[in-house]
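Shown next, in structure tokens, is the structure this report addresses.
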Amino acid sequence: MSESVAKQSSDTNDYKNPSLGWIIGFLFVVSFLGLFSVVPLRKIMIIDFKLTYPSGTATAHLINSFHTPEGAKLAKKQVRTLGKFFSLSFFWGFFQWFYTAADDCGFANFPTLGLKAYENKFYFDFSSTYVGVGMICPYIVNISVLLGGILSWGVMWPLIENRKGDWFDEKLKPSNMHALQGYKVFIAIAIILGDGLYNFVKVLTRTLSGLYNQLQEKDVADSSLPVADRPSYTKEEPSFDDQRRTQLFLKDQISVWFALGGYVAIAAISIGTLPHIFPQLKWYYIVVIYIFAPALAFCNAYGCGLTDWSLASTYGKLAIFTIGAWAGASNGGVLAGLAACGVMMNIVSTASDLTQDFKTGYLTLASPRSMFFSQVIGTAMGCIISPCVFWLFYNAYDNLGKPSSPYPAPFAVVYRNMAILGVEGFGSLPRYCLLLCYIFFGIAIAVNLIKDFIGKDKGKYIPIPMAMAIPFYIGSYFAIDMCIGSLILFIWTKINKAKAEAFAPAVASGLICGDGIWTLPASILALAGIKPPICMKFLSGKDNAKVDGFLSSSS
């Protein structure tokens, strides 16, 4: 929504710069709706349908393992390992800071693969965060990101750049949305939409199919009359552990009327408040969103229980296109679509997160009422802490959200241009860009179809389109970091698989947290006007010749 991101897009008028006050207010009036929308369905999801929620189940098993003698010993070793790599990553970030006195300085801009590769975003930027992320992400995700970077920055963008003067005006800056930048952003959007749409349809189909089967089985179980054509239904006797879990889970009931009343009350407050924050987002847009939101929240929570995949961003894109097109360009459709996206994503994501946590609580014998109110408290804290952290970064880094920034926020430009596309249509695209978007949209769907057709065993080796789309806009430097993290994990696993499985998550978490925590004192130093003393920069041969000439003339 900000002006800096708007300047990177074709629509530079419809923007709203971030302010701590309205961000906190916005989060408070939209973040609790998803919690209340899913509470009445918790018994159906967890007890009746017995949805697995893989991440919630894995978390529960991890928590339960800590309460065994062997698990307690391992946990202590993991904490020590995390602390070691946290310290290492923190001081590495502190060391790098000394050499970043100006733009494009320091180890983060080291042309490890040569200056030409550096110009095309191929270099290792010594980021312990992305190395840690690479150790956590599956190998295929990291390989997909690297392949996407090679395809875009190594092949496509140089070829399209050579067509300037024909495909787009050669006088335009590369950052102009009607020049090369337009191809980077909209082709990435096409891949993301193709992958997201396919998975949305797949998960929705599985959700409806699973729901139908569950209801059919319940009808069979409830029927007392034998039918010859009907398959026999034998209800398994639950184990003692399951009986105890179910008993405790149903003991602390949360009233359905409390949940419905809470949803209606917060929705009413939100409908009255949001148009004052975003005048472009009319009250009747919000009413329509809140009518459909509980059904979409249920679909997302149910699909997450089956596949462990939250499609909150896909529902957000649906809101962008729907509300943006409804509002239109003359009525601030871009901001209206983006604000609607934020509302919808908050509702459906918190609904699936809470249901996932209910599954964890069910398996660990935690009180669901306590978990719900803990989630409410945590959400309230997040509504204050998250904007404050963001505000610290926003004020410390003038170029936040720009491609040259340490924090380019690539999806900010992507989502804004989705909103522009929904409002203005395809007329805003540069030449042949729409054709390329169609091609890559189709490729994304085809790749997913092939993955599902050949099965999991072989499909796991096929790249993921969504992951490939990420470097299309910001480059491959972080993909190289992530692949180095994967390489470290691969070698470690070959040397000692048991130790790697036990301590790799702790090492990765330490690397990520240490580097992340360092950004807070770095931001405070920037706000205080304290700058690093040294700029370590690597110059091209042409620039070196200029420097040599200057030094020789001075001497």
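Using the three backbone atoms N, Cα and C, a Cβ is placed for every residue, glycine included.
TrEMBL entries are annotated by machine, without manual review.
Copied from TrEMBL, the annotated features are:
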- 20-41: transmembrane segment (TRANSMEM)
- 82-99: transmembrane segment (TRANSMEM)
- 139-160: transmembrane segment (TRANSMEM)
- 181-201: transmembrane segment (TRANSMEM)
- 254-271: transmembrane segment (TRANSMEM)
- 283-303: transmembrane segment (TRANSMEM)
- 323-351: transmembrane segment (TRANSMEM)
- 372-394: transmembrane segment (TRANSMEM)
- 429-450: transmembrane segment (TRANSMEM)
- 470-492: transmembrane segment (TRANSMEM)
- 504-530: transmembrane segment (TRANSMEM)
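The listed stretches are 139-160, 254-271, 323-351, 372-394, 470-492; of these, 372-394 has the most Cβ pairs under 8 Å to the transmembrane segment (504-530). Residues 33-34, 37-38, 41, 45, 49, 51, 203-204, 206-207, 210-211, 263, 267, 270-272, 274-275, 309-312, 315, 319, 323, 326-327, 336, 340, 343-344, 347-349, 351-352, 354-355 of the same chain, all 6+ positions outside the transmembrane segment (283-303), place their C-beta atoms under 8 angstroms from a C-beta of that stretch. Spatially, the transmembrane segment (181-201) is not adjacent to the transmembrane segment (372-394); fewer than three Cβ-Cβ distances between them are under 8 Å for residues at least 6 apart in sequence. A contact between the transmembrane segment (254-271) and the transmembrane segment (82-99) is absent, since fewer than 3 of their C-beta pairs, 6 or more residues apart, lie under 8 Å. For the transmembrane segment (20-41), the partner stretch with the highest count of Cβ pairs under 8 angstroms, out of 139-160, 372-394, 429-450, is 372-394.
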